[in-house]
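Chemist: Questions regarding the structure given below will be posed in turn.
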Amino acid sequence: MQCALYDAGRCRSCQWITQPIPEQLSAKTADLKNLLADFPVEEWCAPVSGPEQGFRNKAKMVVSGSVEKPLLGMLHRDGTPEDLCDCPLYPASFAPVFAALKPFIARAGLTPYNVARKRGELKYILLTESQSDGGMMLRFVLRSETKLAQLRKALPWLQEQLPQLKVITVNIQPVHMAIMEGETEIYLTEQQALAERFNDVPLWIRPQSFFQTNPAVASQLYATARDWVRQLPVKHMWDLFCGVGGFGLHCATPDMQLTGIEIASEAIACAKQSAAELGLTRLQFQALDSTQFATAQGEVPELVLVNPPRRGIGKPLCDYLSTMAPRFIIYSSCNAQTMAKDIRELPGYRIERVQLFDMFPHTAHYEVLTLLVKQ
């Protein structure tokens, strides 16, 4: 992938950009095999990759510069701002949005937040696009509600320029820290969720719900999990750390009982909406802590699917699963180091199958799907 920002030394986020994709995949596979070297693996499936540029469905832009000439991008460690509107990871459809946002920031008087001076209002612009219909969600992260009335007043101009903006919100993040969002979300549009569709499964994206940033690879990840589950004798499963329900909604059949657990209530609202659309009445999604939910249960289903954050599932859940011994565990991980650590805490399970998904090209990161079977 050619990147003028990288070539000019202005951005180093894609540290592997000079390596061809096959070399990147080989290095990631070697890393994964090294991490799982202590465990016999019955089947290594071929790694899955997607487009090498224009694949991201989300932009998280730090707003800097002045209200008349805002910059959208990032801050270097020394505080120097960098405009990243031309980043080739973003699809071409993002360019006109960035182009319209810059004059809009001036029109609405949204002074960019100055980290050094702790002054200003507009901290971040968060943009998400649906692959299914091209609809977009735009979030303005502000320090306070001071400029909210001005923003509302100027908004019709922006909506006229960009009719693809289906969901627009203001998020209030009052703390002087590099935290992307606060708890308060103010909707400026009637529509509150973005419709997405992977493999004929309706999914919903709400402002404060996690959603995979590489749809081409994520849809293959979910489809693979579905294929693996369909090969197993499973009538009841848990989907822990389920997010908007991507795994559970793909894996469920009309006669299967499924419980999905996720701490974020916004994500659970999305999952429930999808389940209702699919007419799956035996799916239950609850906004709870996954570990606390699981360890309070007196029995387990045949299959437990886990998709934890980077820290992994942790010892308490590993101990519980070891004791309760579900027949199958499917572990989806964005951090193979913590996954390997967790598998060590699951004695009595063998690794039936492993597959790497290149969700983050040009970086050392990857996603991995692992099927564990009770010995």
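Keep in mind that glycine also has a Cβ here, set from the backbone N, Cα and C atoms.
For reference, Swiss-Prot lists these features for the protein:
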ACT_SITE  C334  active site, nucleophile
BINDING   C3, C11, C14, C87  [4Fe-4S] cluster binding site
BINDING   Q212, F241, E262, N307  S-adenosyl-L-methionine binding site
Chemist: Counting distance between Cα atoms, which of the recorded positions F241, E262, N307, C334 is nearest C14 ([4Fe-4S] cluster binding site)?
Modeler: C334
Chemist: Might you list, by sequence position, any residue in that chain lying six or more from C3 ([4Fe-4S] cluster binding site) with a Cβ less than 8 Å away from its Cβ?
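Modeler: C11, C14, I17, C87, P88 - these are the non-local Cβ neighbours of C3 ([4Fe-4S] cluster binding site), listed in sequence order.
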Chemist: Which residues in the same chain, at least 6 apart in sequence, have a Cβ under 8 Å from the Cβ of E262 (S-adenosyl-L-methionine binding site)?
Modeler: F241, C242, G243, I268, A271, F285, Q286, A287, L288, S290
Chemist: Could you measure between C334 (active site, nucleophile) and Q212 (S-adenosyl-L-methionine binding site) for me? Cα positions, answer in whole angstrom.
Modeler: 11
Chemist: State the count of C-beta atoms found within 10 angstroms of the C-beta of F241 (S-adenosyl-L-methionine binding site), not counting that atom itself.
Modeler: 23
Chemist: Looking only at Q212, F241, E262, N307, which the record lists for S-adenosyl-L-methionine, tell me the maximum pairwise CA distance in angstrom.
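Modeler: The S-adenosyl-L-methionine-binding residues span at most 15 Å between Cα atoms.
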Chemist: List the residues in the vicinity of the S-adenosyl-L-methionine site, defined as same-chain residues other than Q212, F241, E262, N307 with C-beta within 8 angstroms of the site's C-beta centre.
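Modeler: Going along the sequence, the neighbours come out as F210, C242, G243, V244, G246, F247, A267, P308, S332.
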Chemist: Where does F241 (S-adenosyl-L-methionine binding site) sit in the DSSP three-state scheme?
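Modeler: It is coil.
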Chemist: Within its own chain, what residues at least 6 apart in sequence put their Cβ under 8 Å from the Cβ of N307 (S-adenosyl-L-methionine binding site), listed in sequence order?
Modeler: D239, L240, F241, C242, G243, F247, S332, S333
Chemist: Enumerate same-chain residues with a sequence separation of six or more from Q212 (S-adenosyl-L-methionine binding site) and a Cβ-Cβ distance below 8 A; give 'none' if the list is empty.
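Modeler: Within the chain, Q212 (S-adenosyl-L-methionine binding site) has Cβ neighbours under 8 Å at A218, L221, G246, M359.
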Chemist: Starting from the [4Fe-4S] cluster site formed by C3, C11, C14, C87, give every other residue of that chain whose CB sits within 8 Å of the mean position of their CB atoms, in sequence order.
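Modeler: Counting only non-site residues, the set is L5, Y6, S13, I17, L84, P88, L89, H362.
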Chemist: Look at the recorded positions C11, C14, C87, C334 and tell me which residue has the greatest number of other C-beta atoms within 10 angstroms of its C-beta.
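Modeler: Max Cβ neighbours within 10 Å, all protein chains included: C87.
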